[in-house]
């Protein structure tokens, strides 16, 4: 009768516990990555001025094609800036040196403080309640754009708006810190872009596939955005600034205690 093969002494065979530990570690890394990326993407998505412009195009006579072009252009613009800044952030040190650890603390702290100051200034200069703020002239002209021009404006506004550039740069640092393989980087950039574009793509899809009730709600949303545009912008900027400051402080605490 054949004897069962003997295991090597001193060599530990991987078991179910090792698989669970590996999955938990990977899941924890993903939660940490998207815990940082989600607020950045939503800050780009929660942009009342371009959203109001999109709704003006969408609700104008024969404006669906222009609105669709603007939303696609927005997606392409965010994808371009996120990809470019992720590549540029790969030039920064990502090792465990003192310079790299200091960078992980300084960058979110500085960005957060700048945004908080900017938000407080905007809060101080906000229009008084009951005072109607006229829309920018270029915003009123959006309902007369051709689809091609609307697409170009969407790309430019999404890719080169200062707030979006700051968010995309921060996202690039987070993504490069979480991934070393090109596939993981591309997937994270694509998901980040989709989340940052959800408020531009969502109304267009709702208008295309929804009924008259959806269009009535879009009209109400446009009016609400126009009335509360300054307040929404201030709150978004302040919340993001606080988030970045807390992120920097958490990194600092982790380095001091680690």
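Every residue, even glycine, has its Cβ placed from backbone N, Cα and C.
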Inset, instruction - Scan 105-124, 125-144 against TrEMBL and say which stretch is down as transmembrane segment. - result: 105-124
Legend entry - Segment assigned the feature transmembrane segment in TrEMBL (from 6-27, 72-93): 72-93
Legend entry - Contact set, same chain, for the transmembrane segment (72-93): CB under 8 Å, 6 or more residues outside the stretch: 44, 50, 99-100, 103, 150-160, 164-165, 168-169, 171-173, 175-176, 185, 189-190, 192-194, 196-197, 200-201
Inset, instruction - With Cβ distances under 8 Å as the criterion, find the stretch in 37-60, 105-124, 185-210 that has the most pairs with the transmembrane segment (231-253). - result: 105-124
Legend entry - Sequence-remote partners of the transmembrane segment (37-60) [C-beta within less than 8 Å, at least six residues beyond its ends]: 66-67, 70-71, 74, 78, 135-136, 139-140, 142-145, 150, 154, 157-158, 161, 163-164, 167-168, 170-171, 174-175, 188, 192, 195-200, 203-204, 207, 215, 218-219, 221-222, 225-226, 228-229, 232-233, 236, 239-240, 243
